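Chemist: Let me begin by handing over the structure; questions about it come next.
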Amino acid sequence: MGSLFRSEEMTLCQLFLQSEAAYACVSELGELGLVQFRDLNPDVNAFQRKFVNEVRRCDEMERKLRYLEKEIKKDGIPMLDTGESPEAPQPREMIDLEATFEKLENELREVNQNAEALKRNFLELTELKHILRKTQVFFDEMADNQNEDEQAQLLGEDAGVRASQPGQNLKLGFVAGVISREKLPAFERMLWRACRGNVFLRQAMIETPLEDPSNGDQVYKSVFIIFFQGDQLKTRVKKICEGFRATLYPCPEAPADRREMAMGVMTRIEDLNTVLGQTQDHRHRVLVAAAKNLKNWFVKVRKIKAIYHTLNLFNLDVTQKCLIAECWVPVLDIETIQLALRRGTERSGSSVPPILNRMQTFENPPTYNRTNKFTKAFQALIDAYGVATYREMNPAPYTIITFPFLFAVMFGDLGHGAIMALFGLWMIRKEKGLAAQKTDNEIWNIFFGGRYIIFLMGVFSMYTGLIYNDIFSKSLNIFGSHWEVHYNKSTVLENKYLQLNPETSDYSGTPYPFGMDPIWQVAGANKIIFQNAYKMKISIIFGVIHMIFGVTMSYHNHTYFKNRLSLIFEFIPQLIFLLFLFFYMVLLMFIKWNRYAATNSPPYSASCAPSILITFIDMVLFNTPKPPPTGCEVYMFGGQHFFQVVFVLIALACIPVMLLGKPLQIMKQRKNPNVQPITGSDAEVGMSNGQPAGQGGAAHHEEEEMSEIFIHQGIHTIEYVLGSVSHTASYLRLWALSLAHAQLAEVLWNMVLSIGLKQQGWFGGVMLTIVFAFWAILTVGILVLMEGLSAFLHTLRLHWVEFQSKFYQGQGYAFQPFSFDAIIENGGASGSTENE
């Protein structure tokens with residue numbers, strides 16, 4: 001639980017493994033997922049490493065599995081996924097896996113080649129069948145047409161030519177074939193131009209599409225027959241057909257021969273159908289058998305590949321019998337890691353136990369925060385800003401509460417919050433089934449990954465919706481309003497300038513038990529005035545408290561790293577500056593709420609209440625307040641002017657302390673090394689075996705020029721002082737978005753749903769159904785999704801900038817252990833092979 005508030009303590013270890021036990025030990029560490037290996041061969045090419053051949057064999061096995069997967073998906077065969085992760089196979093089992101995959105691939109390729117050849121033959125026979133049918137119609141038409149003038153036109157001759165050659169036999173040649181339908185117009189134009197109009201083309205469409213055997217696409221084709229005279233035209237026609245990829249088929253001239261060929265074609269087609277069916281059945285059986293084990297095979301191969309990738313990061317000792325590795329491990333898990341190494345040694349049958357030694361180093365360790373399925377999403381929000389510096393305070397556990405709460409302040413609506421909470425609850429209840437349905441839809445994966453955030457945001461929004469007494473822009477009158485309307489409706493109630501007066505009997509004198517009184521939802525113009533003042537003030541109150549909490553977190557960082565210099569010259573003046581200016585403004589709000597009321601008499605009546613903003617501006621500028629109304633007092637309490645002057649002077653005095661205190665102290669230490677330093681170093685800490693070590697930080701800062709220290713400190717001081725003002729104003733987005741959300745909901749109700757509610761009779765029922773559907777779609781699409789996303793982004797900004805800037809550096813790097821689960825989840829990418 002401690003690592004939730006601060007990252008795990010890490011240590012660098014050196015690992016000695018016997019060569020024959022290395023594979024089994026790394027396999028056990030991969031199942032554990034608690035070790036991040038370092039590359040000890042950064043200058044060695046990936047193709048020159050010791051286990052490159054094994055990695056190549058794994059790549060080849062993966063290629064074969066992907067081919068099998070592609071064929072299985074093509075046939076729509078479901079792949080069995082038990083959700084279990086088989087252990088990494090032993091190296092000797094690689095040969096059996098390779099033989100199995102090789103046999104499956106060869107068998108499948110052979111079946112596919114045979115099926116493609118059969119389909120090509122089937123296509124040719126089908127096309128020939130259509131040619132024989134269609135050309136019979138063409139020849140029948142030619143037989144019926146015996147007109148000599150038409151025959152002369154077909155031959156491209158005139159009557160004079162035929163008269164001069166009375167003995168010539170005018171017999172036409174022809175070719176028949178099939179062409180793709182979209183190429184037919186261009187094909188016809190080319191024949192006309194190339195043959196100068198001396199050919200006659202007849203074509204007919206094949207109604208049913210034909211399957212392309214190479215890719216399985218459905219293609220529409222047409223049958224054509226071309227009549228011509230002479231060998232020259234025949235050669236030209238065949239070349240054009242070849243250029244347009246038209247397929248020519250033999251077609252007998254005699255009708256009897258055509259009928260005989262057609263019968264033979266039909267017989268062969270029937271035989272081919274039988275053989276094709278048997279081939280497809282055999283292919284289906286092979287794929288079904290492979291689909292049962294494909295997921296497990298993928299896991300096994302990826303585990304083997306990841307192990308050899310990791311072994312390539314190791315070094316061999318001089319005897320070539322021992323592998324040496326360096327790795328980052330959590331200190332709390334060293335015993336668990338040693339047990340895993342012993343299990344691996346026992347599995348391999350080695351008699352030499354592995355050795356795990358902790359090393360001394362000044363390198364910054366990786367940051368490792370343990371998470372579960374609930375805290376993982378909140379930690380991801382923090383890591384998106386920047387991974388925490390090693391062992392600094394982790395904002396994630398506090399974000400679990402503050403993030404959904406600040407979101408709910410902007411999104412406060414009982415109805416909209418319920419929709420969001422129910423959606424999050426549905427994903428939580430169905431998370432096992434939804435997680436098993438792995439999808440590449442990025443938007444859905446983001447929603448599902450943040451299901452606990454969505455649920456909490458919805459629940460908190462329901463709470464703030466009850467506080468605002470707002471549900472779909474309407475209110476709940478649970479306890480009965482504590483206001484009464486005494487105006488006469490027939491005379492003056494419609495006067496928009498009339499308001500309820502708390503000084504009279506309109507108000508019962510006791511507040512509504514929980515949240516806002518429902519009377520404010522129907523208060524007209526006064527509603528905006530009342531809610532604006534309320535929401536604006538609570539936004540500033542929450543913002544100042546949030547920032548003070550952030551500054552307090554820096555105290556825990558300074559004390560943990562024994563950085564007294566930053567504690568004295570940064571934390572203390574920062575906290576004083578924030579408390580004496582902005583927290584004092586918050587106190588003035590509570591004093592005003594407590595002392596001034598409509599029923600009070602001067603000087604504490606509502607008309608005497610001063611503006612907090614004007615009071616704060618006058619305080620900072622040392623201005624004299626304007627004279628109050630008659631009977632009222634200038635100040636809210638006795639001694640207010642004195643305290644305000646003192647607070648501002650102290651806050652201003654903190655600025656030079658923040659600006660010069662730390663650099664001057666560092667300069668003093670450097671000029672006189674014999675003086676005992678405040679912190680044991682120049683204010684920073686190095687690392688020694690995962691523990692704070694002053695010498696590392698001192699060595700680091702000796703290299704930094706004093707001018708750079710002064711510049712950096714000046715930047716940080718200016719950023720904090722100006723940021724305190726701008727960050728406080730930035731929290732007003734809580735008020736602005738809450739107001740916008742409430743007004744949008746009210747507009748949607750008045751301009752959409754109220755239309756259906758005003759209709760009467762059966763038509764009103766139909767109208768209300770249609771309008772309600774439209775209103776519901778707009779509510780979910782605009783007010784829940786779009787407004788929810790807007791409030792989410794603003795909340796994220798308040799945490800990243802206004803809150804985390806007070807204590808969070810985020811300059812670390814994430815702990816990326818060698819883990820089979822992470823590798824398989826990422827699709828086979830090895831977790832520790834960046835250099836390969």
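Any Cβ shown, glycine's included, is placed from N, Cα and C.
Below are the features I grabbed from TrEMBL:
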COILED    51-128  coiled coil
TRANSMEM  400-428  transmembrane segment
TRANSMEM  448-468  transmembrane segment
TRANSMEM  538-555  transmembrane segment
TRANSMEM  567-591  transmembrane segment
TRANSMEM  642-661  transmembrane segment
TRANSMEM  762-786  transmembrane segment
Chemist: Mark yes when the transmembrane segment (538-555) and the transmembrane segment (448-468) have three or more Cβ pairs under 8 Å (sequence separation 6 or more) and no when they do not.
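Modeler: Counting Cβ pairs under 8 Å, fewer than 3, so no.
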Chemist: Looking only at residues six or more beyond either end of the transmembrane segment (642-661), which have a C-beta under 8 A from one in the stretch?
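Modeler: Distant Cβ neighbours of the transmembrane segment (642-661) are 568-570, 573-574, 576-577, 580-581, 584, 619-620, 622, 713-714, 716-717, 720-721.
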Chemist: Mean pLDDT over the coiled coil (51-128): what is the value?
Modeler: 90
Chemist: Should anything in the same chain at least six residues away from the transmembrane segment (400-428) have a Cβ under 8 Å from its Cβ atoms, list it; otherwise answer none.
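Modeler: Tertiary neighbours of the transmembrane segment (400-428) are 375, 378, 381, 434, 447-448, 451-468, 470-473, 476, 538-539, 542, 546, 733-734, 737-738, 741-742, 745, 779-780, 783-784, 787-788, 791-792, 794-796, 798-799, 803.
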